[in-house]
Amino acid sequence: MAKSKIAYFCQSCGFESPKWLGKCPSCQQWNTFVEEVIEKGGSQAPAWKPASTSQQRANKPVEISAITYSEEHRLPTPDKEFNRVLGGGIVPGSLVLIGGEPGIGKSTLMLQLALNMPGQKVLYVSGEESERQIKMRAERLPAPHPEGGVKNSGLRNPEDLQARPSAGGCYILVETSTQNIFKQIEALEPDLLVIDSIQTLHSAHIESTPGSVSQVRECTAELLRFAKETSTPVFLIGHITKDGMIAGPKILEHMVDTVLQFEGDRHHVYRILRTIKNRFGSASELGIYEMMGEGLREVSNPSEILLSHRDTPLSGVTISATLEGMRPMLIETQALVSASPYGTPQRTATGFDTKRMSMLLAVLEKRCGFRLGVKDVFLNITGGIRVEDPAIDLGLAAAIISSHEDIPIPFKTCFAGELGLSGEIRAVNRVEQRIAEAQKLGFNQIFISKYNLPASGQDKKRMDLSRYNIDIKIVSTIEEVFSLLFG
Ligand code: TYD
Ligand code: MG
């Protein structure tokens, strides 16, 4: 029996210490250290033993111009939203982490992908559900892609492998030990591996329980080695803890190539797949899905679903032209300002940062003289979507004032501008894309910042607003916006 070794791990950031500490020196959190038994068992065979390690080749520095590469080949998936967040398809040998709260639909998303990969052999490893449960779920999901290699819902057991070893398809393995998983992988040789979830795996090299920092780290490291050595893409599903961190320990985030977050309000049907980190593409992309009775449906035109189609204008409702990643999106923003029945006014924001809301209210109070300090203010971004684009400021400010004054904003009006502390409307990025989207959806006017226009000395041709047949209102301060809107 190998001698067991004990270490203490910070549950928040994964910092390792030989003795217990009250405060983590890495992330400064208190009381986060937990004892974990780590046992480097000398007798066990390594989980993933790549052929090349035996040669112990030492790398030499190479001048960058001398490095050659071929245009990396990406594996497109039938899911366009998924391709978008990955930056154009799956990169061979990449390790992708998909985080999200329990019950949000991570398993559904990945199983749907596994079932629909055309001509690929996918191994879906589940440590959470039984084969029957997965089969039942698969039966509910939409029919596999017509040109895909998956037939009649495609689920097979690894034992059937001998019959048709080269065919594509989706294989299910219910297993939690990494040693056994790698054994099955060697026999099956899948083109794609999905792990549901990383917190349920355990490696025989580490004694501590599945889901602990040292286990999660070791299992991810083994899968990382496997992905890089064999160029097989690996998707890891990871649960998010209450405070929003993927797998508790942040350590996972820097080990993997791409971190995607699946989020949304469980009471709404829309789900957002957001890129948090991507070594192979933009980190601000967004995919939108609708959770249906039969799985997830891609939403390719988000603006149309995020706008409500009402006939009479209401006070406190505005439309903002936002941009998520490369995609413009028109979103309905709502505000409700009412007299506070109690001494302390309430401020609640759904889908928007509360601190930023306080800032907007302070600017409106100080620069425009609205007495909002004694009012309850509620903000809501429809569809259960969280928006980080600062261009939404102007639309929200207009909604707050519209509700406060009880005057509706004219129909077919939208906004794109950031609000500065002095009440100035600041420029936003890619304003032309926002204007084009507003025009496409039949809006009559859009408010944008003066600072988005090229300065007088600059090339005027760079931005030609005359080619849009939408009324573009150029504003520089919040006061100007209100005199234009409410006279
Ligand atoms: P699941 O993928 O199990 O979530 P996670 O793996 O993130 O924990 O999703 C579970 C939820 O999704 C569950 O509340 C039911 C709902 N759901 C549907 O609405 N339609 C479907 O077709 C499926 C499979 C699930
Ligand atoms: Mg699940």
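Keep in mind that glycine also has a Cβ here, set from the backbone N, Cα and C atoms.
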Per TrEMBL, the range holding motif 'RadA KNRFG motif', considering 142-146, 147-151, 277-281, 347-351:
277-281
If you count Cβ atoms within 10 Å of each one, which of the binding-site residues G100, P102, G103, G105 comes out on top?
G100
Using a Cβ cut-off of under 6 Å to any atom of ligand 2, determine which of the binding-site residues G100, E101, G103, G105, S107 qualify.
S107
Cβ-centroid neighbourhood (8 Å) of the ATP site, G100, E101, P102, G103, I104, G105, K106, S107 excluded
H239, F262
In sequence order, which same-chain residues at least six apart have a C-beta under 8 angstroms from I104 (ATP binding site)?
F262, E263, G264, R266, R271
